[in-house]
Structures are given as C-alpha cells and as structure tokens.
Amino acid sequence: MFTMMIFIINTILVTSSPSILRPGFYSKTCPKAETIVRDVMKKALLKEPRSLASVMRFQFHDCFVNGCDASMLLDDTPTMLGEKLALSNINSLRSFEVVDKVKEALEKACPGVVSCADIIIMASRDAVALTGGPDWEVKLGRLDSLTASQEDSNNIMPSPRANATALITLFKKYNLSVKDLVALSGSHSIGQGRCFSIMFRLYNQSGSGKPDPAIDPHFRAELDKLCPLDVDQNKTGNLDATPVIFDNQYFKDLVGGRGFLNSDQTLYTFPQTRGFVKLYSEDQKKFFEAFAEGMVKMGDLQSGRPGEVRKNCRVVNPRPAHFLIENNLQDSDLPM
Ligand code: HEM
Ligand SMILES: *[C@@H]1O[C@H](CO)[C@@H](O)[C@H](O)[C@H]1NC(C)=O
Ligand SMILES: *[C@@H]1O[C@H](CO)[C@@H](O)[C@H](O)[C@H]1NC(C)=O
Ligand SMILES: *[C@@H]1O[C@H](CO)[C@@H](O)[C@H](O)[C@H]1NC(C)=O
Ligand SMILES: *[C@@H]1O[C@H](CO)[C@@H](O)[C@H](O)[C@H]1NC(C)=O
C-alpha cells in the first residue's frame, strides 16, 4: 500500500520520459490549445515583428540541449546555473515574455495541461507560418525538464564562427542530415544578429587580421558601417534582406556573398552544403518542405529524463511537503 502511494504520487508529480509524441495530443484535454498559441503569436507580431524570430530560435536552443524540454526557459536559481546565461544565449535570447503570455493564456483555459516544451514547438511553427513561411502539423506530448544545464549549452551550441564542416558534424549527432542543416539554417530568413557575432569576420577572420574574403565588397562596406571597430556590440543588423518575411531570400543572399554570420556564408563557400543553398535559392517550395521536415525532426529530440508540466515556464513546480517526506528527500535534493 505504501509503495503504491509513492508510485501514485510520483506519477502525478513527475512522469518518466520518453513520451510518445503525436499530433492532436491535447484534442481532449485542451482542444483550443493550438488556436490559443497562434492568437498570442498574432498579437506578438503586431506588437514587435522581430519577437517571432526570437521565439522561433528557442526551438533550436531548447531541443539541442538535452532534448525539447523547455530547460532553456528556466531562470537561474541559487543552486542551478541555467541556460539563459550560456555563451550563445546571454545578451542574445529574447522575447521570453511572449512565451509567458502564451503560458498564461493556456493556464487560464486548461490549467496544468500544456507543457512549456510543447509551447515552444507550437509557437515556433506559428512564428514561421505567420511571417509567410510554411505551416505544418506538430507532434505534441512533451514534458518540461526538472533542471537545466549551462555547461551543456556551452558545450553544444555552435559559434557564429563555425564552418560548414563543424556544423555538419554537430547536426549529425542529432541525426540531422546535411539537407536538414541547410534548410534549418534558413530560419535566419527572419530576425537579427549583433555586431558581437560578426566583429571577427569583419576585422580578423581566423586570426588573419583581415575580413572574411567570402563577403561581397559592397555588403562588407555596409557591415563595416553598421559595426565599426568601436561599436556597441549589442547593436543589431538584419540576418537577411527581408528580415520580417520568412522566404528564401536568405539563400539568395548567401549566393551573393551577403550572408550576415560566418556560419551562414560558409554554407555556400563549402562544397558539401553549396548544392542545397543553390537549390533553395532557386526553389522556395523545396526550401519550405525541407524546413518543415527538419523542424519536425528536431522536435523529436528527447532526453529520456523525467519531467512535468510546469505551471510557470521559468520555474520548476514546487514540491508539496508529503512528496519530500515519503521519498525521503529534502528541498535541497531537488533541482529548483
Ligand atoms: C546552424 C547553426 C546555427 C548557428 C551557428 C546560429 C547562430 C546564430 C547567431 C549567432 C544568431 C545571432 C545572435 C546574436 O548575435 O545575438 C542567430 C540568430 C537567430 N537564429 Fe540561429 N544559428 C544556427 C541555427 C539556427 C536554427 C536551426 C534556428 C531555428 C530553427 C535558428 C534561429 C535563429 C533565429 C530566428 C535568429 C534571430 C533571432 C532574433 O532576431 O532574435 N538558428 N543564430
Ligand atoms: C572548420 O572548423 C574546424 C573546427 O573549428 C577546423 O578544425 C577546420 O580546420 C575547419 N575547416 C576548414 C576547411 O577550414
Ligand atoms: C540517432 O539514430 C540512431 C539510430 O536510429 C539512434 O540510436 C540514436 O539514439 C539517434 N540519436 C538521437 C540524438 O536521436
Ligand atoms: C586576430 O586574431 C589573432 C588570433 O586569434 C590574434 O592573435 C590577434 O591579436 C588578432 N588581431 C586583432 C587586430 O585583434
Ligand atoms: C550588451 O548589453 C548587456 C546588457 O545590457 C551588457 O551587460 C553587455 O556588456 C553588452 N555587451 C556588449 C558586447 O557590449
């Protein structure tokens, strides 16, 4: 009886992954979930178009670090260094308040049902669809992590300096192909990057003391003007020529030597990825199909660790006292 109790309490509070993901996971428990997410994203688009790009980026930074589990949304605590201040995220990830708004709306409609991990997946899809990109069916049923790891994020997330070879190797670890890599990089069709992310390529590519030779000279003059040596490195520039429209302009820009990040331009410079860049620059439909496919594959990544449905995406749910006693735990044993 006692073990039974613990079992029940454990199942209520924390469920063991991996979950089986499927479309329509909330059709009985929260039938309006997908509509609610899209409505909040529509409001975000009206308020600040860039916030859609910022939210869409969350899927990449969440899913690559121990699976799509919203670990990236957890604030730091005295006992846990979260992912928000990791190398690729600090002074860069933004628009967390949009996810908070989605969560608030969902908690009002169906309290305790929809995970923050699923919110990231739905909101990313909506960000693309609402800015002119493809729309697709998402699989749902993820759980939210009980912890986060700044160290894992530091070790995993790629630098804007990365070349195509390094990116191919990284994506391969997640069973994502060269095609997936190029298509998913097309996410940079929307949004902005900081001068901080391109200073080296403007002034000291690979320690050469010179700019990256792959940059088109006219475009380089523009970037030099945007980011002179003494610039506030938080200043931002557009990732492609049409930064609030999700289209294949990004690939046309790469073909023209007008990629913003080194990690973008390298996809055209290196022969392993050039073919896909050319293809997508000429065929937006093929890009859209490959992008949606890549997002679904990336959304399948799971850690296999136990999880929960957080009430607030920024913090792990509080544990009731009886859970701690019956499992012989103290508050300090828990990742909060
Ligand atoms: C292939 C490796 C990738 C690298 C090296 C990379 C790197 C970066 C960097 C350096 C920035 C600008 C950050 C800043 O300067 O503050 C950025 C922005 C962005 N990234 Fe990536 N990224 C990659 C792949 C992806 C993927 C797979 C997605 C989503 C599917 C994505 C979505 C975005 C978006 C939407 C922005 C603009 C965000 C905004 O405007 O706030 N990126 N990325
Ligand atoms: C690509 O980057 C990796 C890792 O930084 C480096 O070892 C390699 O030499 C680079 N490849 C080329 C062809 O520049
Ligand atoms: C990639 O696929 C292999 C073989 O199907 C599987 O064993 C492995 O767990 C997958 N890796 C990831 C990160 O999903
Ligand atoms: C360029 O990079 C190299 C190697 O990282 C470094 O030694 C050198 O001081 C840098 N030059 C400038 C002008 O920053
Ligand atoms: C960017 O802004 C943040 C916060 O406002 C500041 O702490 C940081 O030093 C700035 N970074 C750069 C590279 O100027």
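The backbone N, Cα and C atoms fix where each Cβ goes, glycine too.
TrEMBL: automatically predicted annotations, no manual curation.
These figures come from a predicted structure and were not determined experimentally.
When the candidates C110, C116, C195 are compared with TrEMBL, only one is recorded as disulfide-bonded to C30, and it is C110. The secondary structure of C63 (disulfide bond), as reduced to three states from DSSP, is helical.
The most crowded of the binding-site residues listed here (G67, P158) is G67, judged by how many other CB atoms sit within 10 Å of its own CB. Counting other Cβ atoms within 10 Å of each Cβ, the lowest count among the binding-site residues D62, D69, D240 belongs to D240. The CA atom of R57 (site 'Transition state stabilizer') is located 9 Å away from the CA atom of H188 (heme b binding site).
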